[in-house]
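These features come from TrEMBL:
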- 38-124: domain 'Neurotransmitter-gated ion-channel transmembrane' (DOMAIN)
- 155-194: region 'Disordered' (REGION)
- 34-56: transmembrane segment (TRANSMEM)
- 63-84: transmembrane segment (TRANSMEM)
- 96-117: transmembrane segment (TRANSMEM)
- 223-242: transmembrane segment (TRANSMEM)
């Protein structure tokens, strides 16, 4: 609390009267809040960034880390509000705690996004066309039956089926059903991933290495989240200091 004395005259309609005027100016010490609120909340936000270095195989540890950080900030915010008298306006501490909780919640949302992208990537990797293996196995079974019948000299009642017309060159002869060499299968066109922003994986044109989107998002988050938090701190403290002064 600071007090100062000044000499001034107050003119009234009935005359001049002597009076005593006292002005009080209250300033809150910020050292207590630096130790009890600002420093611990900053460390909790930094602790949430460790989840970006954990792979998706450590899902329980990653979720536990982020949820614990969020609950810690909520507990700190509740205790802080209990120590400070309630007011009808938004305080600087409220803005700080809201910003810290927003960063931790964003890290939790980033984990949900990369998990969904990983599920889509695994689905595309494990998706195998089933029509081609069924055709190959059927042709192998027919070839084996015809070979065994010709070797033993017996007869096999095979239901005739409509011959398929395959393009042949003058030097190729189709010998299907007689145990002869089969014509070469036409090359199958492998599904290619679309090179778009929404692709879950793509191949780098320079290095030829496959890049997965959820891993790239984790790598970017390791830089983006600390950078945004640094911007938040740089904007918060000058505004707070200059406004109070």
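Even glycines carry a Cβ here, placed using N, Cα and C.
Keep in mind it's a predicted model, so treat the numbers as computed, not measured.
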Report, as numbers and ranges, every residue of the chain located at least six residues beyond the transmembrane segment (96-117) whose Cβ falls under 8 Å of a Cβ in that stretch; write 'none' if there are none.
37-38, 41-42, 44-45, 48-49, 51-52, 56, 59, 62-63, 66-67, 69-70, 73-74, 76-77, 80, 200, 212-214, 217-218, 221, 225, 228-229, 232, 236
Treating G and I as helix alongside H, and B as strand alongside E, what does DSSP give for the domain 'Neurotransmitter-gated ion-channel transmembrane' (38-124) in helix, strand and coil?
77 helix, 0 strand, 10 coil
